[in-house]
Amino acid sequence: MSNDLPIEFTELTNLVSDYSVDPSKIDFKNCTLSENCISIKDDSSVSIIPLKSSNSTNDDALPSPQSLIKKNMNADSIIMHPNELIIGLKSNQTMQIFNLAEKKRLNNYTLPSPNETVLFWKWINPSYIVMVSNINLYLWNAVKLNSAPILLTQKNQALNNCQIINISANKKLSWFAINGIYQDGGKILGKIQLFSKERNISQIIDGHVSNFATFKNYSLFIIANKPNNVNSSSSNNGHVHIIEIDHDANFPPYQKKNVDLFFPQDAANDFPISCQVSEKYGIIYILSKHGFIHLYDVETAQNLFVNRISIDPIFTAVNHKNGLLTINKKSQLLLIDINKNTIIPYVLNKLSNVNLALSLAQRGNFPGCENIFNQQFQQALAAGEYDNAATLAASSPQLRTPETINKLKNIQPVPGQISPILKYFSILLDNDKLNKYESIELAKPVLTQNKKRLFENWLSQSKLSFSEELGDITKPHDTTLALKIYLGVGNDVLGIENSNGSYNAANSNSLTSSPSLNNKIIICLVELGQFDKIVPYCTKINFKPNFLTLTQMVLRSNPDKAVEFANELFSKGIISNDPNSDLSVEKVTDSFFSQNFIQQGTAFLLEALKSDQPSEGRLQTRLLEINLLHAPQVAEAILSNNMFNHYDRPTVAKLCESAGLFQKALENYTDLKDIKRCIVHTEALPIDWLINYFGQLNIEQSMACLRELLDKNIAQNLQIVIQVATKYSELIGSDSLIKLFEEFKCSEGLYYYLASIVNLSQDENVVFKYIQSACKLGQFKEVERIVRENNYYNGEKVKNFLKEQKLQDQLPLVVVCDRFNFVHDLVLYLYKNQFFKFIEVYVQQVNPSRTPEVVAGLLDVDCDENIIKNLLASVLGQVPLPALVELVEKRNRLKLLLPYLEGLLNQRSQDVVLFNTLAKIYIDSNNNPEKFLQENNLYNTVEVGRYCEKRDPYLAYICYSKGQNDEDLIRITNYNSMFKYQARYLLERSDLELYSVVLSDENMYRRQLIDQLVGTAIPELTNPDPVSIAVKAFMDNNLPMELIELLEKIILEPDSTFNDNASLQGLLILTAVKAYPAKVMGYVEKLDRYDAKEIAPLCIESGLNEEAFHIYDKFELKADAMKVLIEDIMSLDRGEEYAEKLDETDLWFQLGTAQLNGLRIDNAISSYIKSNNPSNYSDVIDVAEQAGKYEELVPYLRMARQTLSESKIDGELILCLAELDQLQEISIFLNSTNTAQSQDIGDKLFDMKNYKAAKLLYENISNYSKLASTLVYLKEYQEAVDCARKASNIKVWKQVNTACIASKEFRLAQICGLNLIIDADELEELVEIYETNGYFDELISLFESGLGLERAHMGMFTELAILYSKYIPAKTMEHLKLFWSRINIPKVLKACKEAHLWPELIFLYCHYDEWDNAVLAVIDRSADAFDHQQFKEIIVKVSNLEIYYKGINFYMNEHPDLIVDLLSVMVVRVDIGRVVRIFQKSDNLPMIKPFLISVLDKNNSVVNEAYHQLLIEEEDYKTLRVTIDAHDRFDSIDLAYRLEKHELIFFRQISAYLYRKNNKYNKAISILKEDRLWTDLIETVTISKSTKICHELLEYFVEIGNRECFVALLYVAYNLAEYDFVLELSWLHNLGDYIKPYEISIKTEQNNKINELFKDLTIRREKEKKDEDTPVFGNQLLLTSGPAPLAVPQPAAPILTGFNPNNSGLGFQATGAGFGNIY
């Protein structure tokens, strides 16, 4: 925009190009705008773009879009908080509020009624949301947890059909306005519901947008409306109404304003969409849909400005500070604000309204009216109108100056009237805030008169401006108020509580840089006792006072607060752990301890040293040392908490030992002698701690200490030693500890030590030593327990030890031998030593399971059998029988176990081993074994059978048969030729798998087995099941002949049990069929019990068809017999004879089917007629129809219709009559009752091209579609069109249309075509038909006629455009201009391109937003399509940046005179540097010189260098020098190098200037010397600040004899020239008179410095004398009464004074311990 306009217009960003936002989501529904951010709602996510100003305190700061934030959220609508990153989500009836920054939900609410839904909602202020539902208006405190919306009123019914676009409210939330728009007669109208909360009433007002504002003392309601009651002759304007609400009776009423709202004639459909108010400036912004901005003055309703800011529609806008933010459909974020520098000149020059300009300047502090205000003020003073002058001065920001105040102060008031200065201040206090000078002038008399309360009231109301001078005036009267003022200096936003004036640094947003001000603030804080506020303040403003002095001051006034203050300094890093720093922990500690504040110093050090760093060792030692001497209990607590690890441990340990703290001494001693000396004081040491202490010692130290304890007092320390030994046994080693106890011959100690570890130890020696010690102490029960439970001892070693001990109780030995399997040795030992009792104990009590080994051992020593039997009887049922039997059986003494086994048998034992053993004993003793084996089921048949095989095979057979041990049984029967038993066993088992084994070819005994089966076993049976299984086994093993032999024997022999068995008879026949077919017929005739339905099919499968026919005929299965004849024997003649013989209808039907399949159609139809069964009509019809037997088929069909009512029969009859051309018969048939599918029959006749018959059928069913097609083929076109109209079917219309075109019946074809073109899918084919036949005019005429149809669609307009482009190009542009919005632009684009219609092509590209292609088309076809104005409008809209540069090259080559005009519109979109390089490369840079000048303000390096080049070529050195100073982005060294050799001296001067700016002083000086530019040369030396260069130039001037320049250089650079050098140079060249001014200056400066030093020395001596007379610390402690080391001196702050830190501090003091180990 032009620079003289009253507004500033800025495009901040583009949401699509900068953030890749979906363009379809840039609308009112999905995109919301707040002053804080932009939010775009997608289908499943929300994109948020925060808007942050670079400086939040500056009203002029532009909002800066930040990085896009994307959240996966799904909602119907979203709203953003105006200030914070808080989002509101609405989904259905639920609203939720989330704080995205803190990631938490603030509130949620669901509407209770399912019929109510929120239509629009909005943040009305930072706390409240206003919601409009389809029923009600709500107010919701959304940031208050669990709050619910408050019902305000019901939504007026007048808004029911409106879209709600905005809600507004006044600041008190007492008035609300709902803005809605609706459509009426093509216009967008508006309705506003105005609601008063206090009166609880609503009113409907015509209007589009509204807003509330507070102006001066008035509450106003503003409405913008564009009504619909304007006629065509009236203007297109709307109205703006400004109305007062809630009138204050103390002020005159506001006069209602009603002014026009201008809309251009070409924006007839435009309407207002946003109304925003700047209350500060008193300006109303009204924004319209089409992008027009209207500015109105609130006070006068004067229209200030109207202009269009966007060519794209706008849908949302919000207030931004004193301006406006908006988004248009092109996704641009735009900012509109008042141009402070031009609005007053604009009002004065354009509107010529001086009063309005003055009013605006007063409200907004705008420049431009200064002269007018000053003139009026001077006139009022000259006229004596002092009240008016005071009022004018108070109303004008430009007059509120110290000069004005002084003038008003000097005026003598008229008696009885208020003085002008008081009136001036009164007006300011009522309406505005006083500036700095006004505040100071007002404060002086108020505070002098002790009116402090009035002054406080003004401060609390922010009526006064803070300043350091104001604070100085206030401090003598009130320190708290002074502190408040000091803190408020700057931005008036520093935090301070009004109640007590305490400072809160957390709320401070400003940094104060004045040291004097900072010192004043700190003094106030100290005087007020607010020590805790000092550090936060200093940290906030980055101010560093003398904190050591501060600490000492606080310490003297409040020691406890001093600790807190010092801790805070340390936490902030101000106090350092570095001892060499100005403020170290050690120096602060000296301040505490030197004044005997040991407790406070300790507290500070504990906090300062809590990080426990190695560098803090000295301070840690010092802290512990002082407390051990003065407060041992404190030192003990510090050591107990393990706070320090880097102190001098030996020193501290000795002090602890002296203080009786033996525990702490031991914790810090490392020398063994010291440890042994302290550790023996066990009475003073906690036992638990002492035991744990040994864990810190190494093995040698631990052993030495334990030995020391035992040696000093074994009775007192034995228990401790045992506990230590127990706990650290693994660490020290059990062997060492055992030797220690043995060394002191302490068996008791050894026993108790080992007792505590033996259960956990895996050391064999430990267990053995424990057993030894237990035996010595008589602990035999413990010995027994340990050998029983422990698993880690050497059994052999313990066994031998126990044998040697010969204990009276041999139970431990028994347990050891039992566990380590020394049973045999145990039995021999006990038997030999006659411990028979322990043998019984072992067997009966210890381990009965070892009885077999005991028995074996007793047998080996030849013990009496009765003893063994008695021993076994005593453990009856407890002995593992398998092991006992095995061991006894090895010794051939099984009979010995018979009594024991019979005893187990009597106990009903089920043990298999028991019965196996009994069986063996019975077999060996021949005690009726067969009976036992047959009757008993509990023995193992395999084991006993194997035992019997060599003794008696039959007994083995019994065992194997009983246990079904097939393999063993077959083996022994084959081996012993027991085939009869084997055959009987096979029939009994009836197991096919077993049969397959014995009947296999591999069995050499198969024949003998079969003979026994056939001859002996099977005849003995009466049960047929085993026989059946045997037969199946024969079949499975492929033994047919043997099977036949078997079956003949059991079936054909007389008196056989199986003579009448049907299954066996059938099996015999089947076997013969497979193995011996010649016998089948004989078996069929002899046998009659078999199943014919099963046997006959099998015969057929084997090719025995005659046998099958004989079987069916024998059993009177006639149909099956007929089937064999016609299908298997395949003799239709025999079948016909068989049918005539029996003469049954079913047989005739069966025969007819076979004849039909054999294509004996005539015979088949005859047989079907004889059968009188039409059930197979479908096949008969199909076959007869294919064979063309229509005449023969008619009688069959008439027979079929007698019993069946089938559509196929009636339809076939019609077809037959049609084929026989009997149309009359067809008509008769159709008029009679029938079930024929006329549609299908008609279609079939139509396909057969029998159109006459088909016409009869279609007429009969009124199928106009098919009838029309039929009439087409009969060439009855008019009738076909009539039928097509009745059918109303696209396919019919196409067919009739095609036929009419082919016959050139164009009138009828057009009728059809009009019904086709309304269907977009038919256009392409229809156009192809016309174009193929060359009927172009008829086709165009058809489409032109169709444009007026009600159902005309885009395809029709598109095709007509394409036809115009092909055949009538002249009409194309006219058609496109009329109907471009209703055509398919891509298709027409292609057609225009093919037809070379370039203007039309560009027109379409523009209307299709294909700006890139439009520009390229203009460039490519410039001869036909170039228009400069059009090209400028198009080029700025392209998206491909490369096209910009193609356009530039195009203009440069073809239209160079217009290139600057083109670049002026492209400047914001192109890379200016690249543009310049294009023209440089083509050597056309002068062509764009005006453009280069216009973009110089951008300070682009390429532009600057190009412009420099032009100026050099034009030799315009003045402009070049100005440009260099104004725009600094270019390669100055390169430019200087190019200008260095220029033939013009002015350019060489510029070169030197550039070298000087780049600190290339020598280069610049050499150029200036050569050109004798003395002024520039002297200036260069001065700027260089180089003594060396200054000396060289002085010598140069002396050499060339230029005395004037020599003197001038000494004058301007006297600080650079060394005094001795100048004296020497002047002496050598006799220049004494020339340097006299220089010498005078030097001497004067030296004298001044000497006087200052003397004055400072005098002040210092007086101060030292005063300090010597004043004691600082009083009496010191004896502990610290030694010479203190000097601390590093620190400069005291200018204001904060106190004692000298050099005289304080607690240095190293000799205490007897020293710090030797630290260094």
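Any Cβ shown, glycine's included, is placed from N, Cα and C.
So that you can see what the record holds, here are the features copied from TrEMBL:
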DOMAIN    341-363  domain 'Clathrin heavy chain linker core motif'
REPEAT    576-722  repeat 'CHCR'
REPEAT    725-867  repeat 'CHCR'
REPEAT    872-1011  repeat 'CHCR'
REPEAT    1018-1164  repeat 'CHCR'
REPEAT    1168-1309  repeat 'CHCR'
REPEAT    1314-1460  repeat 'CHCR'
REPEAT    1463-1606  repeat 'CHCR'
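Look at the repeat 'CHCR' (1463-1606): DSSP puts its residues at 113 helix, 0 strand, 31 coil. For the repeat 'CHCR' (872-1011), the most Cβ-contacting stretch among 576-722, 1018-1164, 1168-1309, 1314-1460 is 1018-1164 (pairs under 8 Å).
Below 8 angstroms of C-beta separation, residues 3-6, 280-283, 297, 299-300, 302, 304-305, 369, 372-373, 395-398 of the same chain, each at least six residues beyond the ends of the domain 'Clathrin heavy chain linker core motif' (341-363), sit close to that stretch. Sorting the repeat 'CHCR' (872-1011) by DSSP state (H, G, I as helix; E, B as strand; all else coil) yields 101 helix, 0 strand, 39 coil. Looking just at the repeat 'CHCR' (872-1011), the mean pLDDT is 83.
Remark: secondary structure over the repeat 'CHCR' (1018-1164) totals 111 helix, 0 strand, 36 coil, with classes taken from DSSP.
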